[in-house]
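Worksheet for the structure shown next.
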Amino acid sequence: MPDCIANSPHSWGKFGYGYGATCLYGDAGILPASRILANGTLKERLSLLQLGPILGLGDGHEAIDLLCLVGATVAFLGLITRAHCRLVSFIVMWSVYFSLVQISQSFRQQADHLLLEAGFLCILLAPTRLSDRRHPMEDIALLLLKWLVFRFMFASGSVKLASGCPLWWSLDGLKRHYETMPLPTSYSWYTYQLPDAFHRASTIYVYLSELVVPWLFFAPSRAVRRFALWWHVFLHLNIIGCGNYGFLSPLVLTLMLTLLDDDDGVVAWLHERLSDEPRRTVVSRGKGHNQSKVADVDRYGGRLVKGITLLMVAGSWLCFSVGSTDEGQLTLKPSFSRDQYLNFMQTMIRAAPLLVFVLMVKKFLKLLSSQDSVGSLAEGMRQFSKNLGLLISTIVAFTVFFMSIVPHSRLLPSTSISSPVMTRAYAGLHSLYVVNQYGRHLTKMRPMRREIILEYSDDLNGTWSEYGFQYKPWTIERAASLPYGWLYFPRFDFKFYDGSGSKTDAQKWIYPLIQRLLEHQRPVLDLLDGRHIPAQAPKYIRTSLYRFSYTSFADGNFWTRERLTDYFNVFSQDDTHLREKLKQMNFRLSADESSSGSWNWLLRMLLDAIRRFVGAIEGSYLLVGVFIAAGMLIYTQQQQQRTGQST
C-alpha cells in the first residue's frame, strides 16, 4: 500500500510552491522573507532559509529559489521511482516545505497545513534503507492517515450546520457557494444555472459526503471502503472542476488511497504502472490466516454497500422533508432543529477518537505479537537496539493521535478540551504544523460576491484604468473572467477573497502590494495579467469594491458588476498614511538593497537563469508539463523493465 502513496503527497504542494514564491516573499516581493527572519517570532525563525548566508545567498529570493528547487527535485525523483521514496527524502521534503510555509505569512492556507501533517505521517511509513521492504509501523501510520482525512472531511461538514447559517439550513448554501467561492471556474457558472431542487439535493449529497461517508473509512469490509473512496472521488472531481483550490483535492484523494488494501484491484493496477519493482503478494507478509477472515467479511461486501446506500437514502428522506410547491417543484428542508443537530454532533465528535484509539491499540498489540522472541539477555539487548526506532515511532504516532483530538474536539464549544496540559502540548505540535485544525472555511456563506479592484492613474481627476488578474474575477469579459489553474495554487489571487470579506486593516498585505505597484516592481507585476498593467510606474493607485453576480444563459458574459464603494483611499508614493502603515509592518521601502551575505555570484546566476526559464511558463501549464514528464519517465522505465525481462 505505501507504494501508492509514497510517491509523495508532498509532490502536489512542492511543485506548486516555487512558481511565484519570490514574487510574494523575495526582496522586491509583497512580504519579503527577510523581514520575518529578522524580526519574526521564534517559530518563524525555524527555517532552512537561515542557511542562505552560509551558502552565499543571503536571506532573499535566491535562498527561496534554492529551497524550492531542492524540494521539487526530491519530490520529482520520488514521484518517478520508488528507490527515492525513503526516509531521508521525506524528511528533506517536509523540512523544506515547512521552511517555506514559515515565510508565507498572510498567504498561508489550510492546504499547506494538511500537506505538512500528511507529510509528517508519511515519514513514519518511509523505509530507512533501500533493502527495507515494509515498515513495521505501516498499519498504524496508515490508520493515522485515515484519521487525518476523516478529520478534514468531518470538520468541513460539521461546521456548516453548526454555524447556524440560514443558507446551509435552507439547503441553498451550495448554490450560493458556486457564485461566491474564492476563485470560481466556468464549471461553477454552468452548475449554478441548474434548478434549485438540484442544488438542494446536491447539498444533501455534500452533507452525506462529509458527515456520514467518512465513518466508512474504518470499515473492515474492503467493498465498503472502496465505495467510500469512489464516492469521494466523484465529490472531489467536482470540487476540482468548480474552483481553483490547487493541490488540495488531489492531496485528499491521494490520502484516500489508504482505504485500499495491497491486493485490491486498483492498487495492483497502480503498482504495475508506477512501481519499478516486481509486486509481491500479501501472503509473504504472513497474513494467510487473516486473509480468510477478511474474505469472510468481504463475502457480503456488495450487500453491505447496497444496505448502506439504502440507509443513507432513507435517512436523507427522513432528515430532510420532501415536498413540492404549488408549481410542482421539489422542495427539501431539514426536519430537525439546530439543538437536535448539536446534540447529535456532540456524540459523533466524542465517538470518533474512541473508535480510532481502539483500532490503534488493536494494531499495536498485533505489532507486539509479531516481534521475535528472545532467549537470552544478549539477544534481548540486540532486539531492543534493533527495535529502538520502532519504539520511538510508536510513541510519536500515539502522541500525534492524542494531540489531534484537541482540534477535533473544538468543532463545537461544548466538546472542546480545556485541559491545559493537552492544549499546551497541542500548541507545540501545531507550531510545527504536525497537528492542525480544519473546517474553518464555509461556515457562513456570503450573501453576495464582492471583489477588490485595483485601479491606477497619473491624474486624480483623470481616467482610472484597472490592473488585470490572472485568476481572480475582475472583468465581465468572458474570456478573462473564469480561468482554470488546475494543480497550480494562485495564492495571490486567492487572498483577495479574504480581503473582500473583511475590514481593510485586517488585510495589511495590501499596503506593501500598493507600495510595490507604485514602485512598478517587476516581480509583483508578474503576478498580474501582463496585458493590463501600465507601461511605467503610476502616480496614484486606489482600490474599489465591486459587487459581482452571475449572469444567466441569455447573457453573453459570466458576470455583471456594479461599484459599491472605495476599499482604500487613493495612495501615492509620498502618502503619509501608507508610509505609516508600512513602518508599523517593518516593511523596507527600498527593494534595491541586497541581502546580507550574498557573495556566491555563480550560484545566484544559476538560480536566476532557472527562475527566468520557469517564470516564462504559466503556473498551471508548468505543473501539467512536470506531471506529463513524470508520466513519460515512468512509462519508459516500465517498457525498459519489460524488455529486459523478455530478453
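Using the three backbone atoms N, Cα and C, a Cβ is placed for every residue, glycine included.
Keep in mind that what you see is a predicted model, and the values were worked out from it rather than measured.
The transmembrane segment annotation in TrEMBL covers 63-80, 87-107, 197-217, 229-248, 341-361, 388-409, 613-635. Residues or ranges marked as domain 'Lipase maturation factor 1/2 N-terminal' by TrEMBL: 109-263. Residues or ranges marked as domain 'Lipase maturation factor 1/2 C-terminal' by TrEMBL: 434-568.
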Checklist entry - Among 63-80, 87-107, 341-361, 388-409, which stretch has the highest count of C-beta pairs below 8 Å with the transmembrane segment (613-635)? => result 63-80
Checklist entry - Can we call the transmembrane segment (87-107) and the transmembrane segment (63-80) in contact, meaning three or more C-beta pairs below 8 angstroms at a sequence separation of 6+? => result yes
Checklist entry - Residues sitting near the transmembrane segment (341-361): Cβ under 8 Å, six or more positions beyond its termini, same chain? => result 140, 143-144, 147, 150, 154, 158, 161-162, 211, 215, 218, 334, 397-398, 401, 404-405, 408-409, 411-412, 414-415
